[in-house]
C-alpha cells in the first residue's frame, strides 16, 4: 500500500509541475495549478517517510500534521474557487469574501490547536488524547466536526458541478474526466461526513463504533480518483495540442504557397500563441488567400481542371481537392507569368467560387484542407500546365 501511495503522491507532483508553466503564463490556470500543488503536498504528507522528512527539515516536531491540515483546506478552497469561476462566476463573486474568511479561520484554528497541543503527546491528529472535558479538548473536538464538515460541503458542491457539466460537454475526454472527478468528490464527501460524525461523537462523549483509521483508506481512494479525473482532461488537452501541431505542420506548405501570391492577408502572430489559435488563424488566412486569388480564375479554367482531375479516376472528396489544387496551381502560374486578373463583368456581383465553401465543423475543415494540401503537392498538380491564354480573358501585362 505504501508503494501505491508514494506513486500517487509522485504523480500528483508530476501533474502539478506539468501545469505550472501554463499557470505562470495564464492567470486563469493558476487556481487549478494551486489546487494540484496542494493536493500533491497533502498526499505527500500522508506518507510516514515524507512526514518525518518534513518535521526534520522544518525543525519543529510534528509540523507535518499542521501542514497536512493546511493543504487539505487549501486544495479544497482552490478547487471550489476554480470550479465556481468557470461554472458560476456571479456566485463566485458573491461568496469569495465569506469563503476566504472561512478558509482563513480554519487555517488559524488549526495553528492555534497545534500550538496548544498538550506535549509531549504525539498528535496523530489534533483530536487525539482528548477524552477529557478540558477547554482544549472541547475546542479540538469542535474543530474535528467543523473541518471535515467544510470539506464535505465543498466536496458536495464540486461533485454536483462536475457531474452537471460532464453531461453538457462535447469533448469525450473532458466528459469522462469530469465524471471521475464527480465520483472522487462524492467519495470525499462521504469520507468527510464520517470524520465529522466521529468528531461529533467525541464532542458529545458518545462511544463511536467506527475508528477513523478504519476509513482512512477511503482518503487514498479519493486521491486516486482525483488524480485520474484531473489527468484525463489534461492528457486530452495535450493530445489535442499534438494534433493541432501536426495539422499545422501539414498545412504550412499550402499556406506558404498561397500567401506567397497574396502576402497582404498575413497578420503577424505573437510569440507563444497556442497551437489551436495558430491553427485557426492559418485556416482563415488560407481561405482569405483563396478569395484574394479568385479574380485570376475563370469558368473555363475550372472546367479544364475538373476534366484533368476526373481523368485520374478519383471520385468524391479527393476529386474535389485535386480540382481545387489544379486551379490554384494554374492561378499561381498566371501570376508568375505576369498576367493580370480577369476584368469585372458589367453588372456582375463578385462572389466566391463554389469550391470555397467552408465547413462549420472545424475538424472537418482541417481534414478538407489537409486533403487539399496533399493534392496541391501531388505529382499531377505539379505537372499541371494548362494553356493560360485559352482559359479566359485575362490580359497579360
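Each residue, glycine too, has its Cβ placed from N, Cα and C.
Sequence annotations record features per position, and here TrEMBL assigns domain 'DUF6545' to 242-378. Across the domain 'DUF6545' (242-378), the DSSP tally of helix, strand and coil residues reads 95 helix, 1 strand, 41 coil.
Annotation comment: TrEMBL describes 100-122 (among others) as transmembrane segment.
If you look at the transmembrane segment (142-164), the same-chain residues 6 or more away from its ends with a CB under 8 A from one of its CBs are 69, 72-73, 76-77, 79-80, 83-84, 87-88, 102, 106, 109-110, 113, 125-127, 178-179, 181-183, 185-186, 188-189, 192-193, 195-196, 198-200, 202-203, 229. Residues or ranges marked as transmembrane segment in TrEMBL: 142-164 (among others).
Positions annotated as transmembrane segment by TrEMBL: 176-198 (among others).
The transmembrane segment annotation in TrEMBL covers 218-239 (among others). Under 8 Å from some Cβ of the transmembrane segment (218-239) lie the Cβ atoms of residues 1, 4-5, 8, 11-12, 15, 18-19, 36, 39, 43, 46, 162, 171-174, 176-185, 187-188, 190-191, 194, all in the same chain and six or more residues away from its ends.
Non-local neighbours of the transmembrane segment (176-198) in the same chain are 144-149, 151-152, 155-156, 158-160, 162-163, 165-166, 169, 208, 210-212, 215, 218-219, 221-222, 225-226, 228-233, 236; each lies 6+ residues outside the stretch with a CB under 8 Å from one of its CB atoms.
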